[in-house]
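Take a look at the structure set out below.
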Amino acid sequence: MRSNPTTSGSEVSAVEKKNLGRIVKIIGPVLDVAFPPGKMPNIYNALVVQGRDNEQTNVTCEVQQLLGNNRVRAVAMSDTNGLMRGMEVINTGAPISVPVGGSTLGRIFNVLGQPVDNLGPVDTNTTSPIHRSAPAFIQLDTKLSIFETGIKVVDLLAPYRRGGKIGLFGGAGVGKTVLIMELINNIAKAHGGVSVFGGVGERTREGNDLYMEMKESGVINEENIAESKVALVYGQMNEPPGARMRVGLTALTMAEYFRDVNEQDVLLFIDNIFRFVQAGSEVSALLGRMPSAVGYQPTLSTEMGTLQERITSTKEGSITSIQAVYVPADDLTDPAPATTFAHLDATTVLSRGLAAKGIYPAVDPLDSTSTMLQPRIVGEEHYETAQRVKQTLQRYKELQDIIAILGLDELSEEDRLTVARARKIERFLSQPFFVAEVFTGSPGKYVGLAETIRGFQLILSGELDGLPEQAFYLVGNIDEATAKAMNLKT
């Protein structure tokens, strides 16, 4: 495919206006457009529908198929209401391009990179096409390194890989949003990095709530928007499938600029990766492709790979991606989640049971996993501590039925000690968050990995057996727990 100049959104020069076609067929969000011979657009080029009497309709489409007989099939990125056969269509000669750089921080964009937050135009002339190749092998940084988050339960039991992909599993109301905001806050403070949030096919209300909470917690700075730590890109579930399918690429393009040009560590959030697959399935059916297993598109693995392979570490910087994964009907063998799992380096599972106990972050220490938790990567000390913590919690889980029926007194001395330590560990895995200060009143804590390991080693060794378990609840490092225990005694 020959390379094209890029155009921002629907900017069209006078020269490009010669490349006019006409709509010959409309089927929902899919348009067939006829062009003059020799003026055919390339695959992925952006087309802009011109209204009657030069009235701009602002419907941008993306070429998906070349049908022959000088016709192309394109998918609309916005509503096709009011479009008619015979309307003029401009070939922009380039893929959809979106604004990139520091001026995107604190703003909300749609799939075309247009701001939708009523704060005026974006102060940048730098744009980038949403379709790019993944970095070449020679550019990749193959060194395995931990991405420290400052969140104890994550760093100890399911550590994130720098430039890796993490699946976030959890129902409504278990603290997913607060965890995401804390990660955005911590990457800015500890790594000098920024974040991009891609809302793919989720509820508009949730997107609005997230924006309001980010403003409240300071992740988005209303007074000085340039001091914000995140850019937001939304393609919500009321939008056509074309927009939902491409909004993930828009967010990724913004993240790639921070990695490649600004040489920063970037966090890319995709909520929800299942909706990306779902939108691709809808588009595939509209384009007339034969469906494969469970009605999904035959190109499912290719589409997922095209997105996921661009999320990686290079020698300049890294994009670490956290993707919320909806599992339809809790069926992990469904092709959509199964294809996603092939790309994940770690999973963070949020538990309603822990949230009900008031233990936040409600990350399940036994269900959450990471490929990074190996002695050759994290070191013997970290690995041993994590395994002993998991064994203690697993034994406590096994004993819970006996405790519920017979009571603690019927357990052996050894088991009673295990239960006491497990309850301390469970509480010590909780942590006050910076972004939750406005709700809880207690200051947030960033706990380094070395401090985290030291704290759990002290609990496991029995040195802190004499302290009350409530001293370990919602504290930062272990020194705070011992200080809290002293206060409880007085």
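Cβ from N, Cα, C; glycine included.
Taken from Swiss-Prot, the feature ATP binding site applies to Gly170, Gly171, Ala172, Gly173, Val174, Gly175, Lys176, Thr177.
Sequence features, as recorded in Swiss-Prot, placed on the structure.
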{"residue": "Gly170", "record": "ATP binding site", "Cβ contacts under 8 Å, 6 or more apart": "Lys176, Ala324, Val349, Leu350, Ser351, Ala362"}
{"residue": "Gly171", "record": "ATP binding site", "Cβ contacts under 8 Å, 6 or more apart": "Leu350, Arg352"}
{"residue": "Ala172", "record": "ATP binding site", "Cβ contacts under 8 Å, 6 or more apart": "none"}
{"residue": "Gly173", "record": "ATP binding site", "Cβ contacts under 8 Å, 6 or more apart": "Arg352, Ala355"}
{"residue": "Val174", "record": "ATP binding site", "Cβ contacts under 8 Å, 6 or more apart": "Leu350, Ser351, Arg352, Ala355, Ala362"}
{"residue": "Gly175", "record": "ATP binding site", "Cβ contacts under 8 Å, 6 or more apart": "Leu350, Ala355, Tyr360, Pro361, Ala362"}
{"residue": "Thr177", "record": "ATP binding site", "Cβ contacts under 8 Å, 6 or more apart": "Glu206, Asp209, Leu210, Glu213"}
Residues other than Gly170, Gly171, Ala172, Gly173, Val174, Gly175, Lys176, Thr177 within 8 Å, Cβ to Cβ centroid, of the ATP site?
Leu350, Ala355, Ala362
Just how many other Cβ atoms lie inside 10 Å of the Cβ on Lys176 (ATP binding site)?
20
